[in-house]
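Worksheet: one structure, shown below.
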Amino acid sequence: MQNMVILGATGSIGASTLSVVACNPEQYKVYALVANTNVAKMLEICIAHQPKIAHMVDAQAAQSLKQQLPSHLDIEVTTGEDELLSLVSSSDVDTVMAAIVGAAGLPSTLAAVNAGKRVLLANKESLVMSGQLFIEAMQKSGAQVLPVDSEHNAIFQCLSERSQLEIGRCDLAGAGVSHILLTGSGGPFLTSDLATLSAMTPEQACKHPNWSMGRKISVDSATMMNKGLEYIEARWLFNASSEQLKVVIHPQSVIHSMVQYRDGSVLAQLGNPDMRTPIAHCMAFPQRINSGVEPLDFFKVGQLSFLEPDFTRFPCLALAIEACKQGQEATTVLNAANEISVQAFLDGKIRFTDIARINEQSLMNTATHPLNSIDDILALDFQSRQSTLDAITKLN
């Protein structure tokens, strides 16, 4: 029986994780659930899964949850940053699902890594921001980090066992790998007239053709910044050079990514676009468990198609690839700028096409400094956020 902590329990990855747990109750126990402010959802899942601990980042939310939980449930409600870091480091915890969205997930994810936990990594921003520090912490503690993002999970499944055991330091060329092919659907605006993009609404941007996701990642998929962040994540997870990484647009979202080998072979992982599949794979690795996902029906799929990315349509993807080449400071700045600009778009303060412009401006205007600690990273993250907020204010 594995004791699990689910960071970001009220989000879409949290819901999918709890669904997989419910399919395999004899193997997994929900030890703790962690959320930010969503008391109603947290109350619902606490009653359903009865964790030992329910942690709310927001203190008022914690108080509200404590008042609403049925008295017969023996659930400890906690709040506070120190309490969260202690929770993920606890000797009672075996596995941590790291699914808090954005930079907010970095401290708790890194704490779990430092504690040597089995970390199921859904928070791509942790690697985008901390990169080398994250990999070094993983190697020092012996933590097992397994990629939950469908693309990185697909790549992981297509690699040799030796490469799987050497995440963060694998020798792709030595394993015969010539290219990692990251696939992406192209989002809801793949075929939209470029002249119409500036008028696209948050509701339109959040209507992904294949996946069910939260609003922030849905917008990132529409701009293809999500693929850019995944490019950066792949660079660190698989110790890949820019020459070894390629992005391929695949509108059907059936092939989740591919690995091309020196001998001409291409290995691909296919499946229905449902996050329960990579989650179940990570939870059980190297075994296999029931995910609750319907088997892929090839006759319904009918055909698979592939396109080269158009950087005029997807400038955010180009920005992320360039930031990756520049290094850790640039990717930290870009991630922070993007979080702010996407939220501004969702709040109706800027246009869809302003996201890329503001991100590029922040990347050029934010002064960087060497990142030698998590405090350095968070300081640069804050600096970039302030610079981006200033740019949005001037725009309006």
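Backbone N, Cα and C define each Cβ position, glycine as well.
Swiss-Prot annotations:
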- T10, G11, S12, I13, N38, N123, E125, G214: NADPH binding site (BINDING)
- K124, S150, E151, S185, H208, S221, N226, K227, E230: 1-deoxy-D-xylulose 5-phosphate binding site (BINDING)
- D149, E151, E230: Mn(2+) binding site (BINDING)
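Features as recorded by Swiss-Prot, highlighted on the structure.
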residue	record	CB count, 10 Å
G11	NADPH binding site	23
I13	NADPH binding site	28
N38	NADPH binding site	18
N123	NADPH binding site	28
K124	1-deoxy-D-xylulose 5-phosphate binding site	28
E151	1-deoxy-D-xylulose 5-phosphate binding site	27
H208	1-deoxy-D-xylulose 5-phosphate binding site	18
G214	NADPH binding site	14
N226	1-deoxy-D-xylulose 5-phosphate binding site	26
E230	1-deoxy-D-xylulose 5-phosphate binding site	29
Cα distance (Å, whole number) from D149 (Mn(2+) binding site) to E125 (NADPH binding site): 11
Coarse DSSP state, helix versus strand versus coil, of E230 (1-deoxy-D-xylulose 5-phosphate binding site): helix
E125 (NADPH binding site) in three-state DSSP notation: helix
Residue pair I13 (NADPH binding site), H208 (1-deoxy-D-xylulose 5-phosphate binding site) - Cα distance, angstrom, rounded: 16
Integer Å distance between the CA atoms belonging to D149 (Mn(2+) binding site) and G214 (NADPH binding site): 14
CB within-chain contacts under 8 A for D149 (Mn(2+) binding site), separation at least 6: L121, A122, K124, E230, E233, P278
Length of the line joining the Cα atoms of N123 (NADPH binding site) and N226 (1-deoxy-D-xylulose 5-phosphate binding site), in Å: 12
Nonlocal residues around T10 (NADPH binding site), in sequence order (Cβ under 8 Å, 6 or more apart): A35, N36, N38, K41, M42, I45
Protein Cβ atoms within 10 Å of E125 (NADPH binding site), excluding its own: 25
Pairwise Cα distance for E151 (1-deoxy-D-xylulose 5-phosphate binding site)/S12 (NADPH binding site) [Å, integer]: 17
Output field, Mn(2+) shell: CB within 8 Å of site CB centroid, site D149, E151, E230 dropped: K124, P147, S150, H152, N153, L182, N226, K227, E233, A234, S257
